[in-house]
Amino acid sequence: IAATQPSTNWHLKENAREHHTSKFSSEELIVRRGQAFTITFNGTERPEQNLIFITETGPKPSKATKTLATFDISSTVSKEGWSAVLQSSSSSSVSISISSPQNAVIGRYRLSVQSGTSSPATLGTFVLLFNPWSSGDDVFMPNNAECEEYVLEEFGIIFAGNKNHINSFGWNFGQFQGDILSICLSILDRSLYYRQDPVTDVSHRHDPRYLGRVLSAMVNANDDQGVVLGNWSGKYEGGKNPTSWTGSGEILQSWKKSGFKPVKYGQCWVFAAVLTTVLRCLGIPTRTITNFSSAHDADGNLRVDEYYDADGNHLERGADSVWNFHVWNESWFTRNDLGPSYSGWQILDATPQEESGGIYQCGPASRHAIKEGEVDLDYDGPFVFAEVNADCMYWNYDSATGKKTLIFSKSTEIGDSISTKAVGRDDRVDVTRDYKYEEGSAKERDIFKKARKKLGLEDKFDPTAPKLKEIEQKPDISGKFKVAGSLEVGKDLNLLLVLENLQSDAKTVNVNMTAWSTLYTRRRVNQIWKDSISVTLAPKEEKQFPIKIKYPEYQQQLTTDKTIQVTALCHVEDGIQVLVKRNITLDNPGIDIQVLGEAKVNKEVVVEVAFTNPIDTEVKDCVLQVEGSDLLQGVLELSIPPLKASEKSSTKFKLIPSEAGPKHLLVNFSCDKFPDIKTFKMVNVIN
């Protein structure tokens, strides 16, 4: 056998069909663990005589670390280890069915065969992945439609905006495109865990819990020169604005092409989307989750403190913050370390917010444990629990004296409309109830107390806790901002400040109002507007005060997140202050996609994208960016001439679809006045 190198038929098509790996475009065999695959090879004399197979993975394969296996031909599949069963043989070739154990290490393997006393001959390499279709796998997902969505679907919808105004955009995960699988495997080989101890790291790669944690660290660039560099400054020179990406493929390819230098720049949804691509690629069912009014509790006291000055300006004080939304991941696997009730969806977060175990990684935290307040269970329970449950304290801070006064506290502010894409449909599903009991219910408060107790927070004297009389003092007035009219970039912003006197005597109120452009993390960037009014409210009277912020006033100041925070700090004579605030997300104007004719495999089809300039000035630097798995290779970029006021542009380009079925085309249109207008269209490709 050593004399002639055997030639191997990997039966790529048949094996891929059996193993749900047909979507990979690879010349290499890609199979899932715990399931048999068939190969045929020749060049062996009397083949079924004492053949021994060798599979090995990692830098120093050994039986002790389960990265090396030797096995001969048996009549049945082994329950425990690797096994080979003879399918058929002739004088020149032999067909073998090889099975891997259900808890095998995943990754790229070398397969060799040895006959008698001769030295082993290499048959080639193959890649082994997790198997959510196999009931013995840690990632087993019994519902087939969920496997299709959370492992095989390359298109996703990410929810954003704010809790009063949820919007969404498409994303091309593209986990089966080109060499994404090889890039995902190289991410594992560049982690700190691998660099410190490659042998142990590879031996842990059978465990989705371990890989989820490692990848949550590797998708961000902190600590380890990982994939994406975060930037929340509002200035994105030297890289791409986080809102401009439309898929993970371009990011992962750039990381590889640059010699593994972090890709600039990402924010939460970019980290979550890239992690979804990597985990789905490896076979772990994964989805993105958006949490609205998401707390970043930096000091671990399950409380978020926000500070305002006398003019109502939101101050950058303390490390706590509340984001309009935050996107993380859920992956599906068992928690043998915690017990059966904690299995199922596990929270992973690749956005670098706080260190865990000395590096920026987060999770897996069992979603069930979070709902039940079991914050002491691995991993990062307190941080995740706070993201959806923290209490909010609003303070007035006087920088001259350093004195802070509690304005009010709220326990129902955080963790709203927690959202994910529906299975098999382009709709939003609300999963808030899977994270917590009904807001304001006794059960929800009990769980909050339980979590505080587990963290040792319940009995400690809290020097910042306001004295009871301050809390008991009820405000004399209430206030809110109402939106009057549309919330669109390019149009004036019309709001109403509604103030109501709750008392039976008249009240005089001095109101200081400000509007700032912010990032989606509510970080202030530019002041847009300020005003102050003095009003007298008759007993029980409600008054409305119209506010108009004109487009030219905010146009230069707006960030690409298109978010504005409006606050009114109401100083009531002889009463306590009342803070009224609202976070507003503006919508972009629309773009329209038309597919002109039928989309057929390997046939050209023309697509038309139309945009009308809605404002009365010219827009320039117009660029159209298009991508879509199985519709076109990579990302298409087209420059568009400037558009005069109210002018309509129409751009045509060709697609050549490579695979039949429902595919999604993603379009991103940018110009100097409207960055990153996104839309997507489902294209049904026929054979």
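Glycine residues also receive a Cβ, built from the backbone N, Cα and C atoms like all the rest.
As recorded in TrEMBL, the features of this protein are as follows:
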ACT_SITE  CYS268  active site
ACT_SITE  HIS326  active site
ACT_SITE  ASP349  active site
BINDING   ASN389, ASP391, GLU439, GLU444  Ca(2+) binding site
DOMAIN    260-352  domain 'Transglutaminase-like'
Candidate with sparsest Cβ neighbourhood (10 Å radius) among ASP391, GLU439, the listed binding-site residues: GLU439
Integer Cα-Cα distance in angstrom, ASP349 (active site) to HIS326 (active site): 10
Binding-site residues near HIS326 (active site), in sequence order, restricted to ASN389, ASP391, GLU439, GLU444 and a 10 Å Cα cut-off: none
Number of other Cβ atoms within 10 Å of the Cβ of HIS326 (active site) across all protein chains: 26
Rounded Cα separation (Å) that holds between ASN389 (Ca(2+) binding site) and CYS268 (active site): 19
Nonlocal neighbours by CB distance (under 8 Å) for GLU444 (Ca(2+) binding site), same chain, sequence gap 6 or more: LYS436, TYR437, GLU438
Those residues of the chain, 6+ apart, with a Cβ under 8 Å from that of CYS268 (active site): TRP323, PHE325, HIS326, VAL327, TRP328, THR351
Other C-beta atoms that fall within 10 angstroms of the C-beta of ASN389 (Ca(2+) binding site): 24
ASN389, ASP391, GLU439, GLU444 excluded, remaining Cβ within 8 Å of their centroid (Ca(2+)): VAL388, SER411, THR412, ILE414, GLY415, LYS436, GLY440, ARG445, PHE448
Number of Cβ atoms other than its own within 10 Å, given for ASP349 (active site): 30
Averaged pLDDT, computed only over the residues in the domain 'Transglutaminase-like' (260-352): 95
